[in-house]
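Straight from TrEMBL, the features:
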- 13-148: domain 'MARVEL' (DOMAIN)
- 44-66: transmembrane segment (TRANSMEM)
- 78-101: transmembrane segment (TRANSMEM)
- 121-142: transmembrane segment (TRANSMEM)
- 153-297: domain 'MARVEL' (DOMAIN)
- 154-175: transmembrane segment (TRANSMEM)
- 187-212: transmembrane segment (TRANSMEM)
- 224-246: transmembrane segment (TRANSMEM)
- 272-291: transmembrane segment (TRANSMEM)
Amino acid sequence: MESTGGPYLNTAAVTSPVGIARLLQMTFGCTTFSLVAHQGGFSAAYGTFCMFVWTFCFAITVFIITCEFTHLHSCLSISWGNFTAAFAMLATLMSITAAVIYPLYFVQLDCYPITCEVRDFRIAASVFASLLFVAYAAEVFLTRAKPGQVSSYMATVSGLLKIVQAFVACIIFGALVNDSQYSKYVAMQWCVAVYSFCFVVTVVVVAFSVTGKTALLWFPFERSVVVYTFGAVLLYVSAAVIWPVFCFDSKYGSPRRPGLCAKGKCPWDSQLVIAIFTYVNLLLYIVDLAYSQRIRFVSHL
């Protein structure tokens, strides 16, 4: 059997700045969900979401460290650079969401009706959840494409923004299904179609980049992405105009929150969340369009 001529283990995977950041992610993630599972406790959809985030991110981080340390990632038929950059951005968004949600719903200063021990565990879990977010954000900062550097597409500003756009779209979808009454008018259904179309295409762009299959397409991928981003800006402009009109104009909806609307089950609240994040995603697509003019796509880093 011929030797490959190189070391079997890649020590840089755990000794480089990015490697150290990933070790911290693994440590903080394991500590967080262990504290919650042991004494902190969680319940309802919010708590389940937080536990899913911490365990999911921990599992993928362990997988990434293992693959890079053993060189197994070279056997995978994906673009490893795009995969790790995309996951780091997604984990950053998910971890900051969990770091906000968990203390908001589960942490309190007094010990009633829970015990002081449970309260302390929840506070500790919240602290480590915040540290987990910092660790993932550090990886994004360390691996992002520098000006003039040839890098994986997902490590560029445009690539990272694709992950944020998809994440914001998921927030919009969550508000849509929470009794937003979007079927009330055809114009509001158009907005839903805009959110859905842009989300699907954005996910497809990320999927092709991560799998490294962009070179197999019969059309220029990079040019198509720029054209799509321009189209997404126009579509979101229409939604940014239509949605507030049909939700908050007195002719179609309500300019103010109804006084008898139950907290957590009010269509007006969901409509406001959708309106806010529509403008957030519109801004993200505009920034994406500006940056996509000056990046260089590399599929197999």
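Yeah, the Cβs are placed from backbone N, Cα and C, and that goes for glycine too.
TrEMBL: automatically predicted annotations, no manual curation.
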Top Cβ-contact partner of the transmembrane segment (154-175) among 121-142, 187-212, 224-246, 272-291 (pairs under 8 Å): 272-291
Beyond the flanks of the transmembrane segment (272-291) by 6 or more, those residues with Cβ under 8 Å of it: 156-158, 161-162, 164-165, 168-169, 171-172, 175-176, 180, 191, 195, 198, 226, 229-230, 232-233, 236-237, 239-240, 243-244, 247-248, 257
